Each structure stands twice: as C-alpha cells, then as structure tokens.
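Q: Sharing the record's features from Swiss-Prot:
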SIGNAL    1-23  signal peptide
ACT_SITE  S68  active site, acyl-ester intermediate
DISULFID  C75-C121  disulfide bond
ACT_SITE  E166  active site, proton acceptor
BINDING   K232, S233, G234  substrate binding site
Amino acid sequence: MSIQHFRVALIPFFAAFCLPVFAHPETLVKVKDAEDQLGARVGYIELDLNSGKILESFRPEERFPMMSTFKVLLCGAVLSRVDAGQEQLGRRIHYSQNDLVEYSPVTEKHLTDGMTVRELCSAAITMSDNTAANLLLTTIGGPKELTAFLHNMGDHVTRLDSWEPELNEAIPNDERDTTMPAAMATTLRKLLTGELLTLASRQQLIDWMEADKVAGPLLRSALPAGWFIADKSGAGERGSRGIIAALGPDGKPSRIVVIYTTGSQATMDERNRQIAEIGASLIKHW
C-alpha cells in the first residue's frame, strides 16, 4: 500500500502502562544478548499501535539519551503550532554560517536562500540535520519549550535541555536530554494516532519518518519486502545509539518499537548490527 493511501486513524489513547507485559521470550533473549555483546544497557519496548498495549519490554522505565530521536518530537511540536495557526510550513527561515553546527548536510547548502519550515523538518528527520533541528528549536522557544510541549501531552519523563550537538553527550546518570523507552513509545503513538495533531499533520509527520535516509543499517535492514516502516535513529557519545519506529506488514504500521542503548565501547557498525538483529527477531516472532 502506498503511503499516499495510508491514513492514520483517530485512535483514543489508553494508559498503556496499566496493562501487563506479554513478552516473546525469543526477542527478549536477543535484547539481553545484545547487552552482553555491547557491554551496555539496552532498553526496548514494543506497543500495539491501535490499543497501546505493551507487547514486549526490557528496561522500559530506565533513562536513556534521546540523541536525534528527539527530532520527531520537535517536528510534532512544530506541526502543533501549524495546526494552531501560530506557524506556517511554507515560512522561509534565513540563517548564516555562524548558525551551522557539525553534521548539517542539507542546511549547509542553503546559506544563500534559506529553507522553509517544511524543508527544515524534512532535513531534521530524513537526514538528521543538526542545524535544521536548532533552527526549528528556535521557532518554538528552545529546548525548555519542547519539554513543556511534551509535559502538556502527558509525558513528564522526556526532557530536552540542550541544543545540537551538545544534547548527544550521553553523560552517565545525567537526566538531561533523556527519555525512557515506555515514555517515548507512548508519546510517539500519541503524535501519530491521537487527536493532538490534525490528520494532515499526523500524515505529514509519518511521511517524513517514512522518508528517513540515515537509518538503513538498523531495523530497515531486517525488514521483509512489503513491510512499512517510518523511523528516526539517533547516535551519541559513550556508545549511545537509538531508534524509534512505527512498522508493520502489509504496507501499514501496526506497532511502535523503541530501542535505545548506551555505555558501550563497541563500534558504530556493531551497535547497528545488534539493533538490526533485535529487529530480525521481532519480525520473525511477530
């Protein structure tokens, strides 16, 4: 099914954390194996997209660095402002060389003409462009305002305190710029299926995530033909890696999956491989 024909239905939000955890032992064994292989903590949660029921979880209420996965939440906040008539996706933002930070593959090419809010969200999610994220953060009032937006959604766990690239420092036992797998999964589900955003904005957000171009080595590498995925990855210091995704067979998403890891000395390739293997186990035991 083409994404143009897929529309996320309005689904009432249920308190997922009041429900028991039904784990598929094989996938959780793989998650624990990934911890051993990486020498790191791994957090994992899988939610049913329609009901919000927790299907699997491992360390669901431990804090992990958000890294670039926050960019989906950021663009959700931007879209909320668009829906409220406080922002326009077509508004062009101009910036200078001084605004550029490391890893800005899209924004560095548009110093002369600037970029629209829509283009900045696309760059932030599909290419993980850091300057795009900072420019968008400025439009909503900075990291604290994103945290306030999340609090208003009912997420009192997830917090953004810093700008790119400092938010990726992943300092142990530092709650700044962190989330928990359970909180992130619930918040992502609200953004994609709840009434916080209009149908058009929900569709726009999932379109950007579906067009992600930098998450290929992770869950996408384990995806069978015909499956749908819309995702956003993140990478940080101290061996941190993460991904948030909506995925499912038959060309449409049916589950939310969140995976975070931190504290590893493994290479990026090895971190990617372990997450991909978790994805392969998830799909095998779907």
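Each Cβ is built from the backbone N, Cα and C atoms, and glycine gets one as well.
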Q: Looking only at Cβ atoms, how many others are within 10 Å of the one on C75 (disulfide bond)?
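A: Excluding its own Cβ, the number within 10 Å is 27.
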Q: What are the other residues, in sequence order, whose C-beta lies within 8 angstroms of the center of the C-beta atoms of K232, S233, G234 at the substrate site?
A: M67, S68, T69, K71, V72, S128, D212, V214, A215, D231, A235, G242, I243, I244
Q: Given the recorded positions C75, C121, E166, tell me which ones have a C-alpha lying within 10 Å of the C-alpha of S233 (substrate binding site).
A: none
Q: What is the nearest of the recorded positions C75, C121, E166, K232, G234 to S68 (active site, acyl-ester intermediate), using the Cα of each?
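A: That would be G234, the closest of C75, C121, E166, K232, G234 to S68 (active site, acyl-ester intermediate).
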Q: For S233 (substrate binding site), just give me the three-state DSSP call.
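A: Reduced to three states, the DSSP call for S233 (substrate binding site) is strand.
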Q: Which one is it, among the recorded positions C75, C121, G234, that lies nearest to E166 (active site, proton acceptor) by Cα separation?
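A: Result: the closest of the recorded positions to E166 (active site, proton acceptor) is G234.
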